[in-house]
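These notes are about the structure you will find just below.
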Amino acid sequence: MAGTMHLLTAVSLILMLSSANAESTVYNLLTSPDCLPDLLHGGLAEQGVTELYILTTFRIQPGTGNTIFSLYNPRDNSKYFEFSVFGKANKAILRYLRRDGRMSAVTFNKLNLADGEKHRLLFHLKGLEVGHPGGFPHSQGALPVPGVELHLDCRLVETLRDLPAVFNGLNNHQAVELKTMQGKAQEGLEELKLAYGDSVENVASLQDCHTQSDSVQALGLNTKQLTTQMLELTKVINELKDVLIQQVKETSFLRNTISECQACGLSGAEVVKPKCAPGVCFRDDMCIETAEGVECGPCPDGYTGDGYSCDDVDECQFNPCFPGVRCVNMAPGFRCEACPLGFTGKPLEGVGVAYAQTHKQVCDDIDECKGPDNGGCTANSICVNSVGSYQCGRCKTGFTGDQIRGCKPEKSCGNRLQNPCDPNAQCTEERDGTITCQCGIGWAGNGYLCGKDTDIDGYPDERLRCRDPTCRKDNCVTVPNSGQEDADGDGKGDACDPDADGDGILNEQDNCWLTPNINQQNSDKDSHGDACDNCVRVDNPDQRDTDSDGLGDACDDDMDGDGLKNFLDNCQRVKNRDQLDRDGDGVGDACDSCPDIPNPNQSDIDNDLVGDSCDTNQDSDGDGHQDSKDNCPMVINSSQLDTDKDGIGDECDDDDDNDGIPDSLPPGPDNCRLVPNPEQIDDNNDGVGDICESDFDQDKVIDRIDNCPENAEITLTDFRAYQTVVLDPEGDAQIDPNWVVLNQGMEIVQTMNSDPGLAVGYTAFSGVDFEGTFHVNTVTDDDYAGFIFGYQDSSSFYVVMWKQTEQTYWQATPFRAVAEPGIQLKAVKSKTGPGEHLRNSLWHTGDTNDQVRLLWKDPRNVGWKDKVSYRWYLQHRPQVGYIRVRFYEGTELVADSGVTIDTTMRGGRLGVFCFSQENIIWSNLKYRCNDTIPEDFQEFSTQHGMDPL
């Protein structure tokens, strides 16, 4: 036995040495990228390739980032396989499309690849599916376990137990192209190769990584040991020769002995026949006694074997179940689970191969569009049934509108007058009876003429034949820029102009990308050139300028412009010439978070604009204002509107304008509830007083363009004044967000790959409609972006957030957080507040105790697409807890939460949200005060047994 083992060892060594001399097939993808589609569309499988290598060598400058290479579909810009480096965050991310069609991401932290040095990367992909086996040594025998090994600078750093789908063969209709990093000075991609047909050790040598085979290392072999093994092999063979000679002699002796026994008549001895006994056959009832002995009958249905032993047949391999339905193998038999959502049919059970081959589960599509409710689509709209689902389309011929506002007769507009609007616009009757037209989502113009608006920023792709500003051609057709900023006046908007200031220096390298400065002079080294630096000789990277006088706060001796020098001003960033300070804490009342209680440090740990010294967190009505500061402590009124400034909020004031005419009781109702008019003059007897006929709140903005016609404090959407809230203030996992506000507060851009953070406006709302265009203007990274509403403090708010791919958060403390792709609506009510618990809870898709509740998730599990614009439309009515959010891609409704009821936050402020995602644009932002309860709330209440209003 020992000799046999020596023989096997020597033979295996010879096989290893022979395979180590195999030659690789190597493709240089930098010079021949066109070979890649043929290989991925079946070329590798046809050659029997089961192991594949991708080698790349690159150099990235410190503090920068780049996508090293990416395999993607040029038709829809979707990714198959991508490796990116983030220098500032000191990490790298591998993203890939899984075989189940979902994106996955692996994050490598504390990986300093952006250091100006050359780095070598080797991907070893194993377990590829084979089309015609036998092409290479690796295709012989058992296939390797599918997975990916990542070697960095000749060192194994990660092993994935999954194989990206792109390397298992693409369908012919799935286009694939290669995109490589665009290097700047002092950096670039030096090598990108694809290899197969050899060992990882030999392939690694192409990158000057000289390693021994793992198996050779384990044996500790060298040339001397090989010689010793060969000598031992010769010795063993000689010993085996002697043994065989002896065995031949013994066999001959036995044959002669048997012959002699037969000659003596011993062959007549009675032979005892075996009989059936328990355990002889697979089942006792299968045992048969014959003249020749015992036989076993055939295996029963659902099993295979010789009758003595029978093994269960996996009938599921014959695909008896409806596509998408789970098949459960049993012993014996199989079972198909219920038909998927959108289909109807019976479960299927059976036993045996024949049954599985001749019986297939049948699931019939449910036509949701049949029936009186039109599939749930708005009346008079088109419901399109599809296999397993349905979609709500445009209004039927003769009707106009959309799924939000309903479909009305095309020739009428509320007052039954002829509809003057464009077919792609909505017609609205205002409170004074006038008609306004507004282009629908995905369209832009003046409402009477509408054109296609690809990026949904409010400007048409092509110029329209009308004079309104919104009829002009969009200067960035595919990048939303609702302000149409164009610094160099070349007709190409700053958002899509690679040299926005026209000075010949590209934006990425220009230290004043909106101001021409060929010399790039920078006296203070704060990354802002002198030509655009509001403090030329003082470092101020944030460029903050409170009074907008062109002089940055860092070098302005009167930051708020109130005429008082900073060292004398008790509110340095808030104008207050009176310098009132009731509590004498050195902080003026105008900027004091506790004006009646001394708190010189102005600490506000929960970011609710109320200092910790006077923050009681006692809020009886849940509207975000503590009772001691709430002008209606027992009535929900998050906006705190007090028209007559009498200290009583309008929501609980019987006479809002204090003109002596009650709002609703006799001798009212007041025909101008917000404007004093004791005479109640109404010449046209339309029920609206003359003084407020077209401007109900008398804020000098007519109602039809007023975002809040019943609130004189709010007229237009404006986020220029905002509060920044950092949700993970501790640690150095990432950096804080960088917010840039454009278009007079109606557009926000976040530029950094950052920790979770919020930019929150200071205006609080009760009922509100909030809409905007969401766009990720990069192909780098795949994380969270969204918006918030009902913000009351840094532990209490609603967030709508969208993740592109599935990913486990790279910080496993305090718990493992897994993000799934798709849109999520969450209610945040955190007991800990900003920190690692809230951070991981926001990342995680699902509920987390005492932190976050998932109210709704888009069942499609679809991530956002790179450089694609989406329009959201939110309705929030905190008085009844009504929430509904819709998302559009172009003109198509792609996600709808439906009616969601939650009363955790009874109103609050609005803002935007980001988490580890850079280059996010929130464009064409609009908010409108609206306390009207939508019609679908009544339907929802009836169906769910709630108390109607």
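Just so you know, glycine gets a Cβ as well, placed from its N, Cα and C.
The disulfide bond recorded by Swiss-Prot for CYS594 joins it to CYS614 [selected from CYS571, CYS614].
Within the set CYS392, CYS407, the cysteine that Swiss-Prot bonds to CYS395 via a disulfide is CYS407.
Record source Swiss-Prot places CYS413 in a disulfide bond whose other cysteine, from CYS392, CYS427, is CYS427. Here the candidates are CYS287, CYS310, and Swiss-Prot names CYS310 as the disulfide partner of CYS299. The disulfide bond recorded by Swiss-Prot for CYS672 reaches one of CYS692, CYS708; that cysteine is CYS692. For the disulfide-bonded residues CYS276, CYS287, CYS439, CYS535, CYS555, the ranking by surrounding Cβ atoms (within 10 Å, all protein chains) places CYS439 first. Separation of the C-alpha atoms of CYS281 (disulfide bond) and CYS321 (disulfide bond): 33 Å, rounded to the nearest whole number. Checking each of the disulfide-bonded residues (CYS395, CYS421, CYS439, CYS450, CYS532, CYS692) against CYS471 (disulfide bond), the C-alpha distance stays within 10 Å for CYS450. Under a cutoff of 8 A between CB atoms, and with a sequence separation of 6+ in the same chain, the neighbours of CYS692 (disulfide bond) are ASN671, CYS672, LEU674, VAL675, ASN677, GLN698. CYS421 (disulfide bond) falls outside any helix or strand according to DSSP and counts as coil. The least crowded of the disulfide-bonded residues CYS321, CYS336, CYS395, CYS450, CYS466, judged by other CB atoms within 10 A of its own CB, is CYS466. Residues 340-344, 414, 419, 421, 423, 425-427, 440-441, 873, 886, 893, 896 of the same chain lie 6+ residues outside the domain 'EGF-like 2' (365-408) yet bring a C-beta within less than 8 angstroms of a C-beta in it. The Cβ neighbour count for CYS672 (disulfide bond), using a 10 Å radius over every protein chain in view, is 23.
Across the range of the repeat 'TSP type-3 6' (603-640), the DSSP-based residue counts are 3 helix, 0 strand, 35 coil.
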